[in-house]
Amino acid sequence: MFRFLWAYWRANWQGAMEFRASFLTQAVSMLLNNSVWIVFWWLYFSRFPVVKGWTMEDILWLWAIAAGAVGWVSAFFGNVFRLAHMIANGHLDLYLTMPKPVLLHLLVSRMSFSAWGDILFAWILFAAIGEGWLDLVKFLAVQLLGGIIVLGVMILVQCLAFVIGNAEGIAQQVQIALLTFTTYPIDIFSGVPRILLFTVLPAGLISSMPVTFIRDFSWSAALWAAGVAMFFLLASVWLFRKGLRRYESGNMIGLRM
């Protein structure tokens, strides 16, 4: 299985290098876009040094984790944000003929160029605020768990396309909301919105909670986070397999070299 994934990722990278100008443009644009938000937060915290217990350093951790988590998912499983479109338009036919797991093959067959800007941005921030090997290990762990939650949630939402057909609009709105709220401190929300951000739209689990995890590590929190991440991943795989039974072929003929 690893050889299969490695071959696909290498092919995607080689494909990206065929269009270096486009690749660099998109990656640098994402890097600059993220940097603008950091400037915004810096200006804000220059006037209000502490907001609900959050400092500028916490915001840097928040953005590093969020960008890193979304970045690696988009880079290595780039079709995760296009599943609804592919399902609704009958684009799964080709993958159904392949010997590998359909969902995995579908996800890894595309790489987002701009995702590498997110990944680079995350590591630039870590270089600025990280201290030692322990921070590095925790940073890698929370990026991995956060990315798994992003992956699981987006697959779950886009599986609606098996039931209602065109679910692209819903999937896009969930994607925007999820990615937006991951970049805000969870403590500025209270009541029902806060509950929703830990359950229905688990943005708080992707970045805000991991910041607390980096501040004050505990094994119980680590195991709980790992359990939640695996729940979303396994639930998404199960739902995709159930939905695949309802899939209607688009009668498409294609060839992958």
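Any Cβ shown, glycine's included, is placed from N, Cα and C.
Record features (TrEMBL):
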TRANSMEM  21-44  transmembrane segment
TRANSMEM  59-81  transmembrane segment
TRANSMEM  102-129  transmembrane segment
TRANSMEM  141-164  transmembrane segment
TRANSMEM  176-201  transmembrane segment
TRANSMEM  221-240  transmembrane segment
Stretch in 21-44, 102-129, 176-201 most in contact with the transmembrane segment (59-81), if contact is a CB pair under 8 A: 102-129
Same-chain residues near the transmembrane segment (21-44), Cβ under 8 Å, at least 6 residues beyond its ends: 51, 56, 59-60, 63, 67, 113-118, 120-121, 125, 183
